[in-house]
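What Swiss-Prot says about this protein:
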- 4-20: disulfide bond (DISULFID)
- 8-22: disulfide bond (DISULFID)
- 13-27: disulfide bond (DISULFID)
């Protein structure tokens, strides 16, 4: 539920390396 400061509209979350995932076009962590 914490925004990772990255969008995932056109590309996947690069922050997935630290546990972020794409939700509603924005990368979130927990």
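Heads up, the Cβ atoms here are built off N, Cα and C, so glycines get one too.
Because the structure is a prediction, the values reported are computed rather than measured.
For the pair residue 22 (disulfide bond) and residue 4 (disulfide bond), the C-alpha distance works out to 10 angstrom. Under the three-state DSSP scheme, residue 13 (disulfide bond) falls in the coil class. A Cα-Cα distance of 6 Å separates residue 27 (disulfide bond) from residue 20 (disulfide bond).
Mapped onto three states, the DSSP output places residue 27 (disulfide bond) in strand. Geometry remark: residue 13 (disulfide bond) versus residue 20 (disulfide bond), CA distance 7 Å.
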